[in-house]
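Comments concern the structure below.
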Amino acid sequence: MRKVPGPITLIEPLSGNTSLLIKINAIHSVKKSPYQEIIIADTEDYGRVLILDDYIQSSYVDEQYYHESLVHPAMATHPNPRDVLILGGGEGATLREALKHGTVKRAVMVDIDRDVVELSRAYLPQMHQGAFDDPRAKVVIQDGFVYVEEAIKAGDKYDVIIMDLTDPYSSDIAKQLYTREFFAKIRRILNDDGVVVTQAGNSFYFPAEYDMVLEGVKANFPIVAEYEVWIPSFGYAVNFILGSLRYDPHALTPSEVDERLRARGVKTAFYTGRVHLALMNMPIHRKLR
């Protein structure tokens with residue numbers, strides 16, 4: 001770890017015109033991978049953070065808002081999720097949350113960047129909490145697009161697919177995984193009652209990109225849910241889009257969600273049945289013109 005010899009400020013862009021200033025106290029690792037710049041640092045307000053190409057991906061003090069909201073609505077919507085695929089999520093927290101469900105027999109995490117996974121394993125233990133070593137988990141270092149195409153050819157199927165990728169507007173790495181055509185491929189590797197969920201960036205600052213993702217999901221799934229959660233270290237509300245082939249997340253009552261979590265042995269810090277109800281009934285923020 002390198003102590004910062006003076007005040008260093010991360011300038012995190014929220015849009016082309018607005019930025020968030022974050023004080024950094026110490027830097028643990030800086031590495032330029034073949035795909036992106038990776039920084040792991042300690043911040044004043046958000047604790048340890050993973051930064052990819054100037055964007056905070058996760059922070060110790062608020063990552064549960066993000067990861068629990070990404071994972072559990074989809075997992076709770078499915079009555080018996082056994083096989084789970086995660087695209088992205090290199091710090092291991094999405095894998096951690098999925099593995100909390102006692103129904104899960106197999107969880108495959110596919111990330112294109114080996115360096116993110118290895119640095120997260122070394123410097124972000126609070127994120128993964130040993131999930132990489134769970135016997136039900138398999139970590140694959142591969143382009144998610146290629147993995148899905150190979151899964152189609154192999155006839156591999158999943159109950160829940162969780163897309164924890166970089167934003168559709170922040171870099172070129174994941175853009176092809178947000179298209180209508182890719183969601184058609186996702187549908188082909190889901191079981192007949194499967195569920196997919198993706199983070200979709202921010203609808204306020206990037207409405208066109210958000211709409212692209214939303215239309216891609218709507219074109220391929222009969223049941224669609226939009227929801228969002230404020231993430232302090234991001235400086236904005238993160239949007240999520242859930243697509244389902246059979247089960248409607250809007251139909252779940254708080255007591256049904258809580259009972260599914262209890263039966264599966266899931267312990268959460270943020271997500272509950274009442275939170276699920278709130279997520280499914282909140283407005284999506286856009287600029288009011």
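Using the three backbone atoms N, Cα and C, a Cβ is placed for every residue, glycine included.
Record features (Swiss-Prot):
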type	residues	note
DOMAIN	5-245	domain 'PABS'
BINDING	Gln36, Asp111, Asp143, Gly144	S-methyl-5'-thioadenosine binding site
BINDING	His67, Glu91	spermidine binding site
ACT_SITE	Asp164	active site, proton acceptor
8 Å Cβ shell about Gln36, Asp111, Asp143, Gly144 centroid, S-methyl-5'-thioadenosine site members excluded: Tyr35, Leu87, Gly88, Gly90, Val110, Ile112, Asp113, Gln142, Leu165, Ile173, Ala174
Asp164 (active site, proton acceptor) to Gly144 (S-methyl-5'-thioadenosine binding site) - Cα separation in whole Å: 11
Cα-Cα distance maximum in Å, computed over every pair in Gln36, Asp111, Asp143, Gly144 that the record assigns to S-methyl-5'-thioadenosine: 16
Pairwise Cα distance for Glu91 (spermidine binding site)/Asp111 (S-methyl-5'-thioadenosine binding site) [Å, integer]: 10
Of Gln36, His67, Glu91, Asp111, Asp143 (the binding-site residues), the residue whose Cβ has the fewest other Cβ atoms within 10 Å: Asp143
Winner by Cβ contact number (other Cβ atoms within 10 Å) across the recorded positions Gly144, Asp164: Asp164
His67 (spermidine binding site) versus Gln36 (S-methyl-5'-thioadenosine binding site) - Cα distance in angstrom: 22
Euclidean distance between Cα atoms of Asp111 (S-methyl-5'-thioadenosine binding site) and His67 (spermidine binding site), Å: 16
The residue listed as 'active site, proton acceptor' in three-state DSSP notation: strand
His67 (spermidine binding site) - helix vs strand vs coil (DSSP): helix
Confidence summary for the domain 'PABS' (5-245), mean pLDDT rounded: 96
